[in-house]
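Q: Submitted below is the structure of interest, expressed as structure tokens.
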């Protein structure tokens with residue numbers, strides 16, 4: 001039986017084939033043999049000779065076409081590029097563009113998903129986008145419906161509008177309801193953006209404050225270094241000057257005595273003469289000390305105040321115990337000198353807000369002063385003008401408590417708690433000389449270079465040479481006014497000046513530049529003098545009250561008066577360029593390149609922007625609490641490079657940005 005089964009299987013594979021078929025899947029050797037015969041037959045037809053007529057012609061035609069197509073260069077390049085393509089690229093090339101974009105947007109790496117911040121919002125980003133997009137589509141559809149409705153009403157107003165179908169109304173209602181729901185999403189989006197912007201602004205403000213504090217510290221350190229450098233330079237200059245002069249001074253003491261005797265005899269002769277009693281010819285004796293103007297080396301100017309908003313307070317100091325009569329400073333955050341009716345003249349460091357000393361020598365209150373670099377000029381009610389050199393200052397401790405104990409009161413143990421407002425020092429060695437020629441109080445002064453002009457209640461102006469310390473010219477204001485009146489009578493024209501006010505200073509303000517001098521007096525006239533000839537070159541008529549302040553530049557002259565007005569004059573034409581007024585008399589005024597500031601009998605400083613003509617207030621009175629004590633009236637103002645100083649009636653001095 002076994003032999004018969006082997007004979008039935010010609011290939012002899014039946015001996016190793018299991019009854020269930022090859023590999024247990026039902027595939028027998030007979031199936032494999034049949035598949036092999038079919039493959040052999042097909043290959044024979046395809047690969048057989050072309051001349052064999054037994055093969056089908058369509059096979060040969062197909063192979064010839066394929067062979068011809070493969071020989072083309074374009075086809076060969078495509079085949080070569082296909083062989084260099086990775087399997088991943090082959091798979092991607094079978095995807096459409098839309099499918100690729102969908103996969104790129106829908107599949108994100110885990111690293112990006114892990115960095116998504118947590119959000120407490122109840123809506124998603126897609127909902128917000130959809131709310132914005134739907135609103136745009138709604139507006140377009142609303143415009144289309146509105147235009148169509150207008151056209152129908154225009155064409156058939158007589159027929160009347162038919163009621164819409166319920167279905168259309170429901171659709172409209174659903175659309176409006178959906179849009180109303182989306183409004184909440186959009187409102188939440190706007191609210192979130194506002195909160196985010198507020199947080200960013202708060203962070204920026206904090207960062208700005210930190211940088212401003214850093215800038216303030218740098219400027220304080222810079223001021224200290226420059227002060228130390230200036231002191232060393234001054235000491236070196238003094239040593240170099242005294243070294244060659246020491247033997248000469250020691251060898252000629254007798255000659256000095258002779259010179260001193262000659263000055264004494266000359267003064268005695270002048271006193272014995274009639275002209276010595278005249279206020280026009282009285283000259284002071286030569287000062288033993290000469291004025292040496294040492295320019296302060298300023299390598300960089302302070303810029304801290306430029307980063308504050310206009311009207312911001314920088315510092316406030318209780319400078320005096322009575323009304324401030326005069327203040328001036330050299331540059332922002334530099335040195336300030338203040339005078340008041342408490343008969344003191346104080347020097348301040350504006351960078352730290354501390355009094356560095358006193359200028360003592362006047363016998364009465366100081367009415368006017370000017371600070372230029374390290375030189376200070378003060379004019380007092382004792383009819384004298386004194387010059388001070390702050391670079392020579394040497395501080396000496398003194399008692400300067402404001403609230404001193406009365407005699408008879410015992411000093412308790414808490415004397416250290418007494419309110420001491422100032423640094424208890426006095427400045428010695430900074431006094432240079434005194435200019436004594438006026439016979440009444442000095443109410444105005446101005447110096448530039450080696451020339452100083454002073455105005456007094458004795459109705460004269462005096463020109464001083466600061467190198468020699470002598471008066472070189474006296475200008476009689478009354479004589480000039482009389483000459484103008486005589487000339488006016490001859491030409492049938494009379495100036496419209498008024499009679500001087502008894503309560504006002506006869507010489508209210510003055511300023512000089514080279515040979516030009518502008519002087520404002522109590523008759524409301526502004527006279528322009530030529531110092532070379534000693535004559536009035538021009539008179540500006542317009543004010544109806546005493547002139548209290550003035551200042552000029554290359555083009556304009558600005559004057560303030562007790563008639564409550566400030567006038568801007570064009571010096572080229574001699575006419576009024578602009579004018580404005582306040583509610584009360586003007587007591588002080590100054591301007592820089594951008595603004596004009598004035599004290600007008602109120603607790604604020606009046607500011608006028610020259611560019612746009614805008615008026616605004618600056619000072620402690622702006623936004624002051626009405627229930628509390630009101631700030632004192634501003635009496636004096638000074639302005640340089642946007643840095644404003646105000647002196648009040650209660651002795652307070654404050655610095656502001658302007």
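Cβ atoms here come from the backbone N, Cα and C positions, even for glycine.
Okay, these came from Swiss-Prot:
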type     : residues : note
REGION   : 138-170  : region 'Disordered'
COMPBIAS : 139-151  : compositional bias 'Basic residues'
COILED   : 209-246  : coiled coil
REPEAT   : 319-360  : repeat 'WD 1'
REPEAT   : 361-398  : repeat 'WD 2'
REPEAT   : 437-476  : repeat 'WD 3'
REPEAT   : 482-539  : repeat 'WD 4'
REPEAT   : 542-581  : repeat 'WD 5'
REPEAT   : 583-618  : repeat 'WD 6'
REPEAT   : 629-658  : repeat 'WD 7'
Q: Over the span of the coiled coil (209-246), how high is the average pLDDT in this prediction?
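A: Average per-residue pLDDT within the coiled coil (209-246): 79.
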Q: With Cβ-Cβ distances below 8 Å as the criterion, list the same-chain residues six or more beyond the ends of the repeat 'WD 2' (361-398) that contact it, or say none.
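A: That would be 230, 234, 291-296, 325-330, 335-337, 339-343, 345, 347, 424-436, 438-448, 452, 454, 456, 458, 464, 466, 505.
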Q: With DSSP as the yardstick, break the repeat 'WD 3' (437-476) down into helix, strand and coil residue counts.
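A: When I sort the residues of the repeat 'WD 3' (437-476) into the three classes, I find 0 helix, 26 strand, 14 coil.
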Q: Hey, which bits of the same chain come close to the repeat 'WD 7' (629-658), Cβ under 8 Å, at least six residues off its ends?
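A: 301, 305-306, 308-329, 331-333, 336, 338, 340, 342, 348, 350, 587-592, 594-595, 597-599, 601-605, 607, 618-621.
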